Amino acid sequence: MADPAAEEHASQVSELCCECGQFHLLLDNHLYNFQDEVDDELICHICLQPLLQPMDTPCGHTYCFKCLENFMQEYNFCPMDRKKLSFQQCHKSSLLVRNLLDKLIVFCPFKAECQQTMQRCELEAHLQNRCPGFKKYKSELQRKKNPISKGKEDPPTKVETNMPKDPEVPSGGSSLVAESSAAAVVSLGTAEPGLVNPAFEETEEDLPQRTSLVAETTTIEIHREDPEEELGMRIVGGKDTPLGNIVVQEVLRDSVIAADGRIAPGDHILEVNGVNISSVTHCQAVSFLRHPGPVLHLMVLQEKGFSNKTAQQDSTSATNREVIHVTLIKRDRSEPLGIKLIRKTDEAGIFILDLLEGGLAAKNGKLSRNDRVLSINGQDLRQGTPEAAAQIIQTTESRVNFVVLRQLGVQLSDLVEDGSTSNNSSSSSSNGGSPVHHRRRLDQNHYRRKSTYQKDLPQGYVSHEKTVAIKKEPKESLGITIGGGRDNRNKLPIYVTSVQPIGCLFRDGRIKRGDVLLSINGIDLTHLNYYEAVSALKSNAASHSVVLKALEILSVNSTEPSLDIKEQGFSWSPLWITWLGLPSYLHFCQDIVLSKGNLESWGFSIVGGFEESKGNQPFFIKTIVPGTPAFRDRKLKCGDEIVAVNGVPAIGMSNSELIPMLKEQKNKVTLTVVSWPGSLV
């Protein structure tokens, strides 16, 4: 914690809590600086701090009284296992548990004047009777409240504030400060300590508008005509990763999930066909989601963004709204839809201004003027722009699946046409200034991971470099197929997708599917794009001898699902969890610059970082909140690894060190990230 006296200078209306000696909202939990890392069994998995006034649920979980009370005002289930729950069913924890918590050793928050440690239950008495720092603080506060210019002394008054100061966060991932009830709501998605929420900073001006972060659980039924057809989404996470939950990273266009339109990137998958997967490994989740069948029942947790006055007003007219699914089929990629999309002045999202006569949409007849576009081909556009919609439409081969929201009786007088963002789909495909070309240029901002950013392999991974020398006939094929390449969207290295039984490498047996190819006959393959790598392999395969260098990545704790028998529905690629074991020197990084206003939050949460029990773990993006700068930018994805913040490496930091760094960035921050493709299901 910063020096309380210095903090007080910054805000004359803020007062320290007399019980814990730190700044926090009146209704929030007290804050403490613990001497040692607290056992995870004593941590509240809503606020991720040691329990205060612990309450037990009938299902066997324990939370802080205030955390659980705030949570139950919005939800009717237990944050850990989602079982139905009411606050009246909960009761105080046993005296033994409460005594254990009260005896935890804490530092006095006034480090400059007092270096004492004591049991948590003794801190209030220490501050009131013995602490020189708190005594000095009270004297200065009293002097400011009663300046010499006043004729007589006024009785002291207690001023409540809605602006919490930044307390010092003790090292160790399990003693994080949840910044508000909004942050606590997000943390319900995981049982792992280490979730931090730079997205959810609140200021005094924010509080009347942003009350809490809204998340809803929804059960979705997916139907497949072909039971073997892949769902068409990429997932990250699992209990064997810092992410904990299974999170949707991407929804593929023209897929089963995209056609349904209800699942979006960032959704947390809680159940598959009644089986709880919120605490399974990544590979187990992949197996559940790849299981064939005509009907799939998914329970998902979906972030809806911050609730605000506008949203509350909108909800009163929900009965006049209807969600409509419309599919338009193009004869070829260049065929226009004949839709004019624009933005509103006072409402997020994009709307249909007009349907061009004779166009594909007009002939279909199911879309209407003033429909709000919620998604196209599964891509969430609730906070989107006409440019983003145009890109999706232009790059779609045939089926364009719209999900729109229709409200009766709304006039178009509040619609505005913005030359920078409006788009006429009838001409966008031939427009040289199309947003598609602009976004393609952004993909060039990748570079090899710098030596200062490099890290050791995470726990549980081993990489084995091997050299394979083979004598062969000049016309004999190597017999492998490859994937990846630095032209790939994720800038992947070249890897083996199959070893065919007709080639010399199958006979040799040392090169396996999933191996990363480093070089052939001394030619470096690690910087080549796909076609350059194919050319290099073919030209060198014509010689009598071939020397291949390859890297095999082994995960000690995870085994990939055995799907060889029914894999024809999937084009093989390594699982997301496999890429986490790739050595740093083969990583390609990207700099993502986010900008925000003074009253905005960045809009993402992170997990990971150094913990005593787990050592160094990468930082991962876990949540991206709709309607925030991170969401609107659309380059940051769930599962991305944060390598650096404004050029400062994150390796070796605990989350209590990274949180202040993110908070200090007022209007602009540069995140250096490594992005791996999620596992396809």
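In case you wondered, yes, glycine gets a Cβ from its N, Cα and C as well.
Summarising the annotation, TrEMBL assigns domain 'RING-type' to 44-82. Summarised by DSSP class, the composition of the domain 'RING-type' (44-82) is 8 helix, 8 strand, 23 coil.
According to TrEMBL, the region 'Disordered' annotation covers 142-175 (among others).
The annotation compositional bias 'Basic and acidic residues' is assigned in TrEMBL to 150-168.
What TrEMBL lists as domain 'PDZ' is 219-304 (among others). On the 0 to 100 pLDDT scale, the model's mean across the domain 'PDZ' (219-304) is 90.
What TrEMBL lists as domain 'PDZ' is 325-408 (among others).
Residues annotated as region 'Disordered' in TrEMBL: 416-458 (among others).
Marked as compositional bias 'Low complexity' by TrEMBL: 419-434.
Feature annotation from TrEMBL assigns compositional bias 'Basic residues' to 436-452.
Positions annotated as domain 'PDZ' by TrEMBL: 467-552 (among others).
What TrEMBL lists as domain 'PDZ' is 591-677 (among others).
The domain 'PDZ' (325-408) makes no contact with the domain 'PDZ' (467-552), as judged by fewer than three Cβ pairs under 8 Å among residues 6 or more apart in sequence. The DSSP breakdown of the domain 'PDZ' (325-408) into helical (H, G, I), extended (E, B) and coil residues amounts to 14 helix, 33 strand, 37 coil.
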